[in-house]
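A short worksheet on the structure shown next.
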Amino acid sequence: AKVLTLDLYKKLRDKSTPSGFTLDDIIQNEHLGYVLTCPSNLGTXLRAXVHV
């Protein structure tokens, strides 16, 4: 998997999806905050996990 480096982010930032969303629209949500790759990180930048 590639890491989202600043250079890669700059290349992707101005591209849009067929629906017209940009990368910034997708990773930042006004209600949830910054949406990361893991659902346990939604809006907090903290990670919660349960190990059984």
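Note that the numbers count up from 1, one per residue, in the order the chain is shown.
Each residue, glycine too, has its Cβ placed from N, Cα and C.
Here is what Swiss-Prot says about this protein:
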| type | residues | note |
| --- | --- | --- |
| DOMAIN | 1-52 | domain 'Phosphagen kinase C-terminal' |
| DOMAIN | 1-52 | domain 'Phosphagen kinase N-terminal' |
| BINDING | ARG13, ARG47 | ATP binding site |
Task: DSSP three-state assignment (helix, strand or coil) for ARG13 (ATP binding site) - done: helix
Task: ARG13 (ATP binding site): tally of other CB atoms within 10 A of its CB - done: 11
